[in-house]
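Peer 1: Sharing a structure, written as structure tokens. Questions coming.
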Amino acid sequence: MLDRDQCLALDAEDPLREFRHEFVLPDGVIYLVGNSLGALPRRTAERVRRTVEDEWGRQLVGGWNHAGWYEQPLTTGDRIAPLIGAGPGQVVVGNTTSIAVYQAVAAALRLRPERRVIVSDLRNFPTDHYIVQGLAGLLGGYELRDLSEGSFEDAAVVLLSEVDYRTGARADVPAVTAAAHAAGALIVWDVCHSVGAMEVDVSAADFAVGCTYKYLNAGPGAPAFLYVNPRHHAAAENVLSGWHGHAEPFAFEADYRPAEGVRRFAVSTPHVLSFAALEAALDVWERVPMAQVRAKSMALGELFVELVGDRLELASPADPAARGSQISLRHPDGYPVMRALIDRGVHGDFRAPDVLRFGFAPLYIGYADVYDAATTLLEVLDKELWRDDKYATRLAVT
Ligand SMILES: Cc1ncc(COP(=O)(O)O)c(C=O)c1O
Ligand SMILES: Nc1c(O)cccc1C(=O)C[C@H](N)C(=O)O
């Protein structure tokens with residue numbers, strides 16, 4: 001087992017160590033929630049200021065043309081594409097992941113009109129499943145089948161996450177994609193918990209969706225992305241047929257006519273100020289070797305698991321290759337345990353009913369941070385520091 005000095009030595013030789021300076025984090029905080037809301041990149045404030053003051057302030061409405069706002073859903077999509085194994089002209093940015101799920105699943109259903117089964121995963125982040133329930137209710141006549149039933153037979157579409165938000169378990173994307181296709185289904189991957197944490201490749205999938213505010217560090221409310229495989233560009237329909245997906249939005253025609261390519265999946269006015277923060281984050285990602293991110297992420301996770309030992313039940317897979325970039329542990333009083341930990345500067349989060357989540361974002365988390373986090377957790381448990389009434393009250397957002 002490594003001691004703290006050995007962890008500091010690993011930090012000193014870490015090939016990603018310089019990236020820590022790209023982020024602003026409060027002193028005394030070990031931030032292990034980058035799997036929910038990534039940390040603030042150091043250059044984001046200046047980038048957002050530029051968009052507000054120089055673009056909006058000076059160019060006013062001209063910003064749509066001259067500052068590139070109108071094209072941003074596609075130009076930013078091209079910057080995200082390499083992070084998910086996609087090519088140029090295959091990713092559109094905007095809206096939220098929930099909305100992108102709606103668009104992708106609805107488009108897939110229209111591409112498989114003869115089929116009436118939607119396979120989803122009840123363990124998936126609930127919004128994905130809620131969206132499918134709403135869509136199936138609207139359309140009528142669809143069977144929702146849970147992944148646990150183990151069958152893709154007759155499925156029109158399969159909607160899954162690459163990394164499970166609660167346990168961090170990682171799906172075998174190539175194998176599951178091939179199985180869905182062998183059954184004649186289309187597949188939509190949600191890569192919210194894998195993009196920016198590892199090399200992602202959705203190029204064999206039909207659609208993929210993801211958010212940019214977790215490992216990609218684009219900030220609260222940052223726009224989501226939607227990948228559409230080029231083999232579907234001509235036939236796939238965007239049921240949210242807003243004007244920005246129209247072939248000629250500024251012709252102001254009476255009827256909807258879809259644009260060519262992935263642009264047809266744009267919906268409406270892009271959130272320009274949020275795009276500015278996303279662009280600043282992508283400026284960092286363009287310099288990041290993702291293989292090193294994955295290697296460090298697995299090493300950090302392993303270190304944490306070793307340090308915590310068998311003190312708590314591991315909810316994540318034991319094999320580091322079968323996990324994303326988080327470690328989940330179970331404790332029946334997980335909520336007050338996490339509150340006590342946060343009070344001591346170690347920020348993780350809690351997922352009902354009993355899961356403590358710790359996300360390891362390798363660009364700004366080091367080995368000594370992991371050592372300190374695990375040591376603090378053991379102290380909170382050993383001294384039962386969580387048994388304090390002030391940790392019992394539930395906050396609105398856990
Ligand atoms: C796997 C997954 N999908 C979807 C979402 C929801 O995204 P949004 O609220 O941005 O639509 C989240 C997180 O909030 C998530 O973890
Ligand atoms: N999107 C969030 C939000 O709007 C509020 C609070 C948390 C979030 C999150 O992203 C949580 C995250 N998807 C999770 O895995 O739990």
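Using N, Cα and C of the backbone, Cβ positions are placed for all residues, glycine too.
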Peer 1: Based on TrEMBL, name the residue from Tyr213, Tyr335 that is recorded for the same pyridoxal 5'-phosphate site as Thr97, Ser98, Phe125, Pro126, Thr127, Asp128, Asp190, His193, Trp243, Thr269.
Peer 2: Tyr213
Peer 1: Near Thr127 (pyridoxal 5'-phosphate binding site), which residues of its chain come within a Cβ-Cβ distance under 8 Å, counting only those 6 or more away in sequence?
Peer 2: Thr97, Ser98, Val101
Peer 1: Could you tell me which of these binding-site residues, Thr97, Thr269, has the fewest other Cβ atoms within 10 Å of its Cβ?
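Peer 2: Fewest other Cβ atoms within 10 Å, among the binding-site residues Thr97, Thr269, is found for Thr269.
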Peer 1: In the structure shown, which of the binding-site residues Phe125, Tyr213 has the fewest Cβ neighbours within 10 Å?
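Peer 2: With the binding-site residues Phe125, Tyr213, fewest surrounding Cβ atoms within 10 Å: Phe125.
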Peer 1: Between Phe125 (pyridoxal 5'-phosphate binding site) and Lys214 (N6-(pyridoxal phosphate)lysine), how far is it from one CA atom to the other, in Å?
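Peer 2: Lys214 (N6-(pyridoxal phosphate)lysine) has its Cα 14 Å from the Cα of Phe125 (pyridoxal 5'-phosphate binding site).
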